[in-house]
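Read through the structure below, which is laid out as structure tokens, and then see the notes.
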């Protein structure tokens, strides 16, 4: 597409996952994406979008430049994109206005219009190593950039506005995750509240592969075999699969005593399969890991 220049105690840990539970590669951290998203938010406006390729959903925001508004007017749009140099996905598109945020080079997470194409280019890696000019930044990816690692060399992608209900569902599930931790802390335990969040068929898969059903999991919290004293949630990511299914991944540092062990602070990750039943989001199953 482009003319390019390159400058070249295990049991204790596992037991704790009855409650809950990535490192980021250099050059494409979630923190970098969040900082750039904040810049857009401080401007004159931003429009949330969703990009779907197969089972992978990537979210982003567009700014309100003339270039971006012309692109937004074409949505929803289904297009074929090609992967290039493991740094971007691109495709030819009809020309857009050049009255936008012209940039000298891209940063990971940029959604851009390449005036020399004309092309749409979505960059996810190699900023500072691989370089590209003639770009107008239209927006930013707000999802984890590692999602692009799941995509092939040629993909079909649907790009559309993020509807208000979708945004509401995402915030609802994030609130559920935070509330779950509040209910599990020793001083504020709410066993009934935890139970209401979990589907009757809920299971938790430990790092060892052991699968624990809902009733056993709740019993461990209720009788004190799992005692939690503090928590600090560092990240929550929600990926909507469709209107009634989603994947929630939370990363939290938890101070706890587990099965009579000493008190420790653990970096815990839990990945939930979520399902909306009768208008209510429920946690269907979870897989535990560290981060």
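The backbone N, Cα and C atoms fix where each Cβ goes, and this holds for glycine too.
If you take every residue in the domain 'Cyclophilin-like' (51-160) and average the pLDDT, you get 96. According to TrEMBL, the domain 'Cyclophilin-like' annotation covers 51-160.
Sequence annotations record features per position, and here TrEMBL assigns domain 'DUF4440' to 187-283. Here the domain 'DUF4440' (187-283) is broken down by DSSP into helix, strand and coil counts: 18 helix, 60 strand, 19 coil.
The signal peptide annotation in TrEMBL covers 1-24.
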Just give the helix, strand and coil counts over the domain 'Cyclophilin-like' (51-160), going by DSSP. 13 helix, 53 strand, 44 coil
